[in-house]
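Asker: I have a structure I would like to understand better, so I am pasting it below and will then ask my questions one at a time.
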Amino acid sequence: MKIFFISLGCDKNLVDSEVMLGLIRDRGFELTNDESEADIIVVNTCCFIHDAKEESINTILEMAEYKKSGSLKGLIVTGCLAQRYKEDILAEIPEVDALLGTTSYDAITEVIDKVLGGERTESFKDVDYLSEVKTNRVNTTGGYYSFLKIAEGCDKHCTYCIIPKIRGDYRSVPMERLVEEAKFLSEGGVKELILIAQETTVYGVDLYGKKMLPELLRKLCAIDGIEWIRIQYCYPEEINDELIDVLKSETKICHYLDIPIQHASDDILKRMGRRTNNEELVTLITKLRKEIPDIALRTSLITGFPGETEEDHEILKEFVRKMRFERLGVFTYSKEEDTPAAKMKDQITKKVKVARQKELMEIQQGIAFERAESMVGRKLKVMIEGKLVEDGIFIGRTYMDAPNIDGYIFVHTKDELMSGEFVEVTVTEAKEYDLIGTAE
């Protein structure tokens, strides 16, 4: 019995996919990379924004075609789209044989058995349920880095975001389970752990009554084989001195923080339901750069939010110029049904959203190149990710670069390097968002 699996959306969704793959493999099913020969296809979906929703629907319909042309006996849809649009999917896509909600992935093998038995079925647990399933995750990222999801859900309820309704309230994974999972990943060859959640900085508050991310980091740093630990999805108002101290004192933790701020205008931040303001953001970023001079800061912004005036946009542009983020992504606002922002007046046209996005990225482009040029001559520790077609050129990442979202360094060397290997590289040239260097 062959199973083909597609994982869409964010890295948090990917972790769910890897857990399901582990359960499927442990059950004795064969995993295949060829959808045309699959008996069962599982699509783990995303619907965070409109484009993600469309991609998920199109993928489901594309896979459904194999019921006509292939050996497909069952099509299973899991994840956020299944959670949010259960009734619509069942009514409008008859080719779908089963649905699993965002908290039901531990039931995947049971659902597969039912589908193979000819049953159309579904599995939905309480949205605040936290699975305790233990499995040997299938690492799909190449084996040398992996995401560690430390919590599920979110309590922030930003006005543009549907996640709390789909994923439930914030639930921290018990620390002992995370340490056990990290050890398992390390034993499998993982050298870089990337901590993720809808928000990482309040980890532990629900379980232990206080923020426990610093303590978790210390325990993870003690695991043999792990060389890099990277933290993503930090809410700015939750970053405290203890977290900064751990970043400074633990050498395995990359001097890199992903801090999605979304905007810099106080009016827009308030409309978004964000719990910070321009002055606090400037104070935090200034402090981080003072305490950790080589820190690389990544952020993401939303442009074209309802009610965003030209003045708000100019405030954001000036903020980007002054803060000079090492890494930055800009997204146009996506109007999501059942969110407060979708009901707001003064919705911005797509043309204006895209124009403002372009202006911000042009500013960041110049900053990124200047920052890249400043790295020329420096020696950096680089994780090798693979080899390019050209002989002697490898691609890797520095501590400043998270996989899939940041830049790369192209490494020239006479040696034969392996994926996951760490080498010292001298930067010789700067590109727009990438670096070029040599390894002796």
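Even glycines carry a Cβ here, placed using N, Cα and C.
Keep in mind it's a predicted model, so treat the numbers as computed, not measured.
As annotated in Swiss-Prot:
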DOMAIN    1-117  domain 'MTTase N-terminal'
BINDING   CYS10, CYS46, CYS80  [4Fe-4S] cluster 1 binding site
DOMAIN    140-370  domain 'Radical SAM core'
BINDING   CYS154, CYS158, CYS161  [4Fe-4S] cluster 2 binding site
DOMAIN    373-440  domain 'TRAM'
Asker: Compared by Cα position, which of the binding-site residues CYS154, CYS158, CYS161 is the closest one to CYS46 ([4Fe-4S] cluster 1 binding site)?
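Answerer: Nearest candidate: CYS161.
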Asker: Quick one: pull the CA-CA distance for CYS158 ([4Fe-4S] cluster 2 binding site) versus CYS10 ([4Fe-4S] cluster 1 binding site), whole Å only.
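Answerer: Just about 18 Å between their Cα atoms.
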Asker: How big is the gap, in Å, between the Cα of CYS10 ([4Fe-4S] cluster 1 binding site) and that of CYS154 ([4Fe-4S] cluster 2 binding site), rounded to a whole number?
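Answerer: One finds 15 Å between the Cα atoms of these residues.
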Asker: Restricting to the domain 'Radical SAM core' (140-370), report the mean pLDDT as a whole number.
Answerer: 96
Asker: With the cut-off set at 10 Å between Cβ atoms, which of these binding-site residues ends up with the most neighbours? Options: CYS10, CYS46, CYS80, CYS154, CYS158.
Answerer: CYS80
Asker: Have a look around CYS161 ([4Fe-4S] cluster 2 binding site) and count the other CB atoms within 10 A of its CB, chains all included.
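Answerer: Here the count is 21.
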Asker: Determine, for the [4Fe-4S] cluster 1 site, the additional residues of the same chain whose CB lies within 8 Å of the mean position of the CB atoms of CYS10, CYS46, CYS80; present them in sequence order.
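Answerer: Same chain, not in CYS10, CYS46, CYS80, Cβ within 8 Å: LEU8, GLY9, LYS12, ASN13, THR45, CYS47, PHE48, ALA52, GLY79.
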Asker: Starting from the Cβ centroid of CYS154, CYS158, CYS161, which together make up the recorded [4Fe-4S] cluster 2 site, report each further residue of the same chain whose Cβ lies within 8 Å of that point, ordered by sequence.
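Answerer: My list of surrounding residues reads LYS156, HIS157, TYR160, ILE162, ILE163, PRO164, GLN198, GLY273.
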Asker: In angstrom units, rounded to an integer, how far apart are the Cα atoms of CYS161 ([4Fe-4S] cluster 2 binding site) and CYS80 ([4Fe-4S] cluster 1 binding site)?
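Answerer: With the alpha carbons as reference points, the distance is 13 Å.
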Asker: Check CYS80 ([4Fe-4S] cluster 1 binding site) against DSSP and tell me helix, strand or coil, would you?
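Answerer: Where CYS80 ([4Fe-4S] cluster 1 binding site) sits, the three-state DSSP reduction gives helix.
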Asker: Cα of CYS154 ([4Fe-4S] cluster 2 binding site) to Cα of CYS80 ([4Fe-4S] cluster 1 binding site): how many Å, rounded?
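Answerer: Distance between the two Cα atoms comes out at 14 Å.
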